[in-house]
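As structure tokens, the structure follows; a few thoughts come after it.
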């Protein structure tokens, strides 16, 4: 009795586990639930999952709380019958195991055909809402069971009611078993096929597993070897790095020590040599200037005398030519008369008898005319000799003029060399209308009325820690200083001699350097700037040299360096950044060409004005905090001058480069961001490269490296910055106090350039074979 009660208390529904469905249901010989599903299968996992899901969906059924509590029969389809039968079989099989003494005599089928049991009527407890309340429900049912242990009749009554319920449901399931048999046969055949596929899949899985194990072992060995090699490599690298650091430190210490000693010795020697050289140079300059002044005055006087003699000779030659022409006309007339007389003489010969007197007269006349012709011939020969002498004198005068022109070019080049092959001019722009006078810094020009070579800048007031207010003076000296009142015409008067050197066959480079907004573009590219004035002077000089046998052809290019890329400013606007221009150098001839760049034949100065307008429209400009129209690129106007003297066969090739550099600026002042930031960085980088090139040229080393290739700007101007050229730098400064720091930086760089000597320029001429 106690055993039965304990079994009833362990079951959720009293009396369920004590019933044996195999003893009650005659059709309980079906396989154990899950036997088919648990068999090995060779089909893919997807099909197996689908089958399992479908079986679960069919056999799960709604929860028992949703079923009828009075045990009413519910209709099923064929698929539902099969699923319910399978679930019932599993429940019956699970309940058929021995549970105690009561299980041998009492048995029963599950209450429903689904996998979940129906709740019993009467005193059966309701199923919990969730599976988490199982223990609580069992505790509640255990309490009822304990109360039922003292009432044997009540227990028997419960068992009988349960038995009657099971019997009714078993009879209901018997009607559904026929459909389940047919489904079972179908599934048995399917199970056979699946078992065969499973065996094949199992063999394949075993083979793949063996291969995977082999691969894993090889991979593990390779990883171990790699880790060992990496560890050895890291150890070796650490040793090498430590050894190298030690060696570098020792070498650096020794080098610094020797360098300091050499530097001190070199500075002392350099100071002494510089003092001696400056003294000698000053003496030599004075002597050369005196000689040049004498030569200039003598040359000018000789040229004047030669010109006067030449004019006189030309006038005499013209008069002689006129006399000769009149004599020739008279001689022709006399010859015609003679011919007429001879004809008359022939006619009169037939009438000799009657015309003897006439013949005598005619003979006398003929003799007279013949004697006059001899005198005329002698006069003609005398005039012809005078003309030949005059032409010889004219040729001698022209040859003397050509020699004087050659001497002038030589003396002109010597003067330019004495002034320095690299010269620096400083120009201070005037204040604009929107800039007040109070905003200007204090500039003074100590020698403004004399040589105009010095500029003095008074810095702002600075208060020391002791309370003393001081001002710092900054003194600079250049080849020429132009104040705010200077015009472009005054500036061009100083550089016109360099333009003449380009006509003589030298490479000349004139470039403007300075911060943004300091007036570089106005100085170079305005309508009265250096570029138009230089072209006008070249045309005027070339025209005057035509009578000395020179013929010049001129061609120009206009390009810009924008973000280290070359753009053709004379090309089409839509192709500005699409054409790829390349720089080609002919090292033997010292010539530079730009591929695919537009080359324009300059036939008149007016063409230059149209070219400047087109280039200004294509040039890259943008607004910054420092300048509302700031040039964002370096523009280079390249003018090639090819001259040929058809008398002497001499040929000259010169190049004039007029460069308008983009404004140097500090990022903190310009406030550039985005594209403007990139432009500013490229501008400052190229200007720094220009300074490096000039510094390297100033060292004067014969085989020293000159970093032309560090920037497109310096690479393009390679032959115009080297020793075979004449270079002029304009440093443009702003007069405003707010720009004082940038002004001082520009002037210091200009001083560095001014102290640089780049060698002697070479004339590019050759004599044509005549």
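Placed from the backbone N, Cα and C atoms, the Cβ positions cover glycine too.
Over in Swiss-Prot, the protein carries these features:
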REGION    1-152  region 'Disordered'
COMPBIAS  85-105  compositional bias 'Low complexity'
COMPBIAS  106-119  compositional bias 'Polar residues'
COMPBIAS  134-152  compositional bias 'Basic and acidic residues'
COILED    175-425  coiled coil
BINDING   514, 515, 516, 517, 518, 519, 520, 521  ATP binding site
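The structure, with features from Swiss-Prot marked on it.
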residue : record           : Cβ contacts under 8 Å, 6 or more apart
514     : ATP binding site : 520, 661, 663, 664, 730, 731, 732, 733, 734, 746
518     : ATP binding site : 429, 663, 732, 733, 734, 739, 746
519     : ATP binding site : 427, 429, 732
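By neighbour count, meaning other C-beta atoms within 10 Å, the densest spot among the binding-site residues 516, 517, 520, 521 is 520.
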